[in-house]
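If you look up TrEMBL, you'll see 202-473 marked as domain 'SAM-dependent methyltransferase TRM5/TYW2-type'. The feature S-adenosyl-L-methionine binding site is assigned by TrEMBL to HIS291, ASP329, LEU330, ASP357, GLY358, ASN390.
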Amino acid sequence: MRCEWFVILWRSFGYSGFLKTYHYRIITSNSQIPFTWISRVQSLHKTLAFYFSSQRNRFSTMPEIDMNKIDPELYSPPSQVRGMTKLDRTAFKKTVTIPVLKVRKEMVNKLVRSLKKVLLQRPGIKRVIDDPKDEGNKLVMLDPHKIVSDDSFEESERLLLKELNVNPQISSYSLELAYENFKTEEILRAVLPEGQDVTSGFSRIGHIAHLNLRDHQLPFKQLIGQVIIDKNQGITSVVNKVNTIDSIYRNFQMEVLSGEENMITKVRENNYTYEFDFSKVYWNPRLSTEHNRITELLKPGDVLFDVFAGVGPFAIPVAKKDCMVFANDLNPESHKWLFHNCKLNKVDQKVKIFNLDGKDFLQGPVREELMKLARQPSKERKPSVHIVMNLPAMAIELLSTFHSLLDGQSKSRELLPIVHCYSFSKADDPTKDVQQRAEALLGASLKGCSSVHLVRNVAPNKEMICITFQVPASVLYENQPINQEEQYLKPEILEGPPFKRQRTGTCKPYKEKPGKRNLLILVYNFSHT
């Protein structure tokens, strides 16, 4: 009886282990079609002979396989590498038994194209090799987790073999694996203490791989770094964060685990190029989608104030859209690289750069420009003004800066800023938590004029949230009487273009009202974990 795509525990070829979650095509032990007509004595003889055969006799017809003896850890490195702290690549040599098909040379290319699903997939391994017993033949390596006998082939595959006049009989082959043939996770799982979490993922920043190692991984940190360099083309340096991110300059201390010490790197994000010293500025490649989402909100002629601009992931794409940008960062290194990247991307004529504290920037250049816009004749088109505040630990606290920011100016419904404020929340209801905190700092209700967007999960029970709202006129013009119509623009201006990330709020996202230019302030509070 034939069974396909079944989850099993299995052992094979004298190895042992547990298969966690894989589906394999198998033949059950009561199959009516035997794999070979060889007796148990002959099978044992051939199996023993296999291990001591010469190079010319490295493959043989496979005996009938006991499905309970197939090893799911066939590709696990040798057990003696457990606990290794200094990488010894020679210790990863291992010989395994795999199934092969004997195929005439002229049929190989067509066969390989058609059997892609069941071919051996290992780094650095050629799937087609010479047949040591017949120069006219090739041996095609198959995946032992999918093919264990000729009955393992699907009907379409068996028809193809028949069409190409290929004998479906499976032979065994002794394959020598080395360090180069194992994957990163396989190596680290074999080296680290059994049952411990394995670090194989990382953030890539140009030529740098950035890790956040846990305590049990630290004794193996240099080995982990070297393996990541070996297995990832273009990675020449691996670093580990050794403290939390500074809340003012947004950089962190790091340790070079392996590779070069050079931290000046180049990255491409959303078709723009950025260069910076990763050890001295903040950069998070996980925020690429969010950078693009905000950029899409602006239209040619709009104005952007980026209060904590970093090296320019908001300022530069927005400037490329023919917008006027005022970009600020307190970190002298970020300020330097921001200036450099504006020139690199040829937007330096559209970006004015400042090196101020965020609050001073809001109360200085931002206020001055808003007042200039307010003094424009009412018939002139007023641009949409966006203010981005990208400082996770403190951004939401700066919302109080909007109190009386435009006192002394005539009230204007078109100069009511739209704020996108980013914050972390560990509350059971992150949406409610962030909105309540924003309302407390503003001293005004945001009910009915705000929306909440889930950006990403930063850590267990810690969410990165964006609340979008319009600053009430009663906050900006505290010392002037405000009627209800002047308090907010109409709710539909909070609508925005659709995007992929999930929203956790009930209000509609930002969207400009057709035919009217609106003021938009974006407050960012990004992850620094």
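The count begins at 1 with the first shown residue.
Note that Cβ sites are derived from N, Cα and C of the backbone, with glycine treated the same way.
Here the features listed in TrEMBL are painted onto the structure.
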residue: HIS291; record: S-adenosyl-L-methionine binding site; Cβ within 10 Å: 22
residue: ASP329; record: S-adenosyl-L-methionine binding site; Cβ within 10 Å: 31
residue: LEU330; record: S-adenosyl-L-methionine binding site; Cβ within 10 Å: 19
residue: ASP357; record: S-adenosyl-L-methionine binding site; Cβ within 10 Å: 14
residue: GLY358; record: S-adenosyl-L-methionine binding site; Cβ within 10 Å: 23
residue: ASN390; record: S-adenosyl-L-methionine binding site; Cβ within 10 Å: 27
Which whole-number mean pLDDT does the model give the domain 'SAM-dependent methyltransferase TRM5/TYW2-type' (202-473)? 90
Grab the S-adenosyl-L-methionine binding residues from the record (HIS291, ASP329, LEU330, ASP357, GLY358, ASN390) and give me their largest CA-CA distance in Å. 22
